[in-house]
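What follows is one structure encoded as structure tokens, with my remarks underneath.
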Amino acid sequence: MDNPFIKYSRSDDYIIGNLKTLSSSYIPDNLPHREQQIELMARSLSSIMHGGIASNILLYGQSGSGKTSSAINVTNMLRSAAGDRVSIHYINCEIYDSHYSIMVHMVNSFIGEEQIPNLGLPFDRIYYELVKRIKSRNLYTLIILDEIDRLLSKNGSDSLYVILKLLGDTEGSIIGITNDSSFINKLDMRVRSRLNAESIIFTPYNADELRDILKFRINGVIKNGFIEDSAINLCAAIGAQEHGDARKAIELLRIAIEYCIRENRERVTIDDIYMARERFEMNILKESVKTLPIHSKMVLLSAILTQEVSSDIAVTGEIYENYKNICAEIGLQPLSTRRISDLMSSLDDLGLIVTTTRSMGRYGRTKLIKVSQPVAIKNYILEDENFKNFQGSRIVRQSKLRTNYDDI
Ligand SMILES: Nc1ncnc2c1ncn2[C@@H]1O[C@H](COP(=O)(O)OP(=O)(O)OP(=O)(O)O)[C@@H](O)[C@H]1O
């Protein structure tokens, strides 16, 4: 057999650097078109260099506007200038979403110290331990709270209050990162006045800026000429249309490059970018379906299968009946109609279903459900282990009027 890897070695002709630097988690040393925001942050943090306390900073901007990368970039420079005196903690509040989990994480970041368990200790003990570890080293603590609004939606203002208190009891400040421009208005007064943050706005990138960013990211990685200029321009235009999203523009280009290399193509063209966009959107869809709770998957599957047998838009009552049939086939207890109603609203929020309300005359009103992209979604749901032996044999066409539940 011919060695299949030989044909892929041709990719050496086009790749002159490390392709990993095009991944969305890679943070480059330079961020074109963010010089102003980086300078503002550096100026604000510079008082740490003279033994002072920096202001708290809030970074606002849409997804993919370079907030996280800029914050990490600046704090890396601070670390190399200030050395061991500054202790920098990057916290993603989607993962660490309470003051308890954040502080356990911080306590356990001190190398050479005893580790504490993630759960079970009283909070006072954790707080005391953290203050002790910071003070005994005479550290300035800088906490980057990425997606800081998650803290608020989970615990109100309390978690942020406790974090600010810690930074008052020791010495330190935060850099908060959010997409929510009304974040500050949602804080209660005691936290707002304690926070007293400087705001830095990350305006959306326009197509010209995204083109520069793309060229900068591929420079030294991909050989000149392998990507047609029109392909780069298209990625930049798509990113600009999507609220100036650099992440999307870079991802599209990366997917297209990897595809062209695998397929031994001479060049990356605009057709490859369109193909990458389709894949990118499919990946997002797959991820949002895969991560749904099991009952949401069953409701969604019921909507798709009901739609199939009715060759129509399904009404909520029909979906609930078939959802119960799916539960019976899989061996799970069905949830109440009220709970299913909540699950349907979340599916609507995620854009997986479209809901419209229709009057049914003397039978009251009902909601009509249409699943967007049913074929792809059905395949993703059936990949779940729970549906391994699922046949759909109990799915039946329901009478719309008999199965109309007002409370779904
Ligand atoms: N100016 C830039 N130059 C080079 N790459 C950039 C630039 N801005 C953003 N990127 C890249 O785009 C991707 C997204 O950036 P980043 O995560 O910093 O955005 P964000 O505003 O924090 O987004 P989110 O709100 O979704 O977390 C990253 O791969 C980042 O390296």
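Note that the numbers count up from 1, one per residue, in the order the chain is shown.
Just so it is clear, glycine is given a Cβ too, placed from its N, Cα and C backbone atoms.
Annotated features, as they stand in Swiss-Prot:
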{"type": "BINDING", "residues": "Ser65, Gly66, Lys67, Thr68, Ser69, Tyr205, Arg217", "note": "ATP binding site"}
Binding-site residues near ligand 1 among Gly66, Ser69, Tyr205 (Cβ under 6 Å): Gly66, Ser69
Among Lys67, Arg217, which are binding-site residues, the residue with the most C-beta atoms within 10 angstroms of its C-beta: Lys67
Which listed residue (Ser65, Thr68, Ser69) has most other Cβ within 10 Å, given these are binding-site residues: Ser65
Same chain, 6+ residues apart, C-beta under 8 Å of the C-beta of Tyr205 (ATP binding site), given in sequence order: His33, Ser65, Gly66, Ile213, Gly239, Ala240, Gly244, Asp245, Ala246
